[in-house]
Amino acid sequence: MTSLGLVVAEFNASVTEEMESVARDAAAEADATVAETVHVPGVYDAPLAADRLARRDDVDAVAVLGAIVTGDTDHDQVIGHATAQKLTDVSLDRDLPVTLGVTGPGMSGAEARERVENAAKAVEGAVKLVERL
């Protein structure tokens, strides 16, 4: 049975709380367990939490969940790219799957709410990688 760590961003909580629920359901469906969930203030804070979870002996993979919504500047693009790069670094440095269940950048709050089901894909991807690697 695959044991997962979840990192959930609190920013845009109305979306990310739903994403967490979807992810937990997907884990149960995949016969995986959630060993630990870490809530972080925003998506940009996720790499440190993912790294800490990846160091644990009882975590086989980490799924990161969040929603990056467009504002008046390109800040969402910067946050999205920086976070994706650092999460890739964590995965490679720890030799452990870290999947990106982050919607955005470049979307509205309404679009983020429409995409909460994408959280399941992060969990499904994490489980598949553990099984295949």
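Each residue, glycine too, has its Cβ placed from N, Cα and C.
Here's what TrEMBL has on this protein:
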ACT_SITE  HIS75  active site, proton donor
BINDING   PHE11, VAL43, TYR44, ASP45, ALA67, ILE68, VAL69, LEU100  5-amino-6-(D-ribitylamino)uracil binding site
BINDING   ASP72, THR73  (2S)-2-hydroxy-3-oxobutyl phosphate binding site
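Structural mapping of features recorded in TrEMBL.
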| residue | record | Cβ contacts under 8 Å, 6 or more apart |
| --- | --- | --- |
| PHE11 | 5-amino-6-(D-ribitylamino)uracil binding site | PRO41, GLY42, VAL43, GLY66, ALA67 |
| TYR44 | 5-amino-6-(D-ribitylamino)uracil binding site | ILE79, ALA82, THR83 |
| ASP45 | 5-amino-6-(D-ribitylamino)uracil binding site | ALA9 |
| ILE68 | 5-amino-6-(D-ribitylamino)uracil binding site | VAL43, ASP76, ILE79, GLY80, VAL102, THR103, GLY104, PRO105, MET107 |
| VAL69 | 5-amino-6-(D-ribitylamino)uracil binding site | ASN12, ASP76, GLY104, PRO105, MET107, SER108, GLY109, ALA112 |
| ASP72 | (2S)-2-hydroxy-3-oxobutyl phosphate binding site | none |
| THR73 | (2S)-2-hydroxy-3-oxobutyl phosphate binding site | none |
| HIS75 | active site, proton donor | none |
Residue among binding-site residues VAL43, ALA67, LEU100 with least C-beta crowding, 10 angstrom cut-off: LEU100
For LEU100 (5-amino-6-(D-ribitylamino)uracil binding site), the three-state class that DSSP assigns: strand
Helix, strand or coil at TYR44 (5-amino-6-(D-ribitylamino)uracil binding site) [DSSP, three-state]: helix
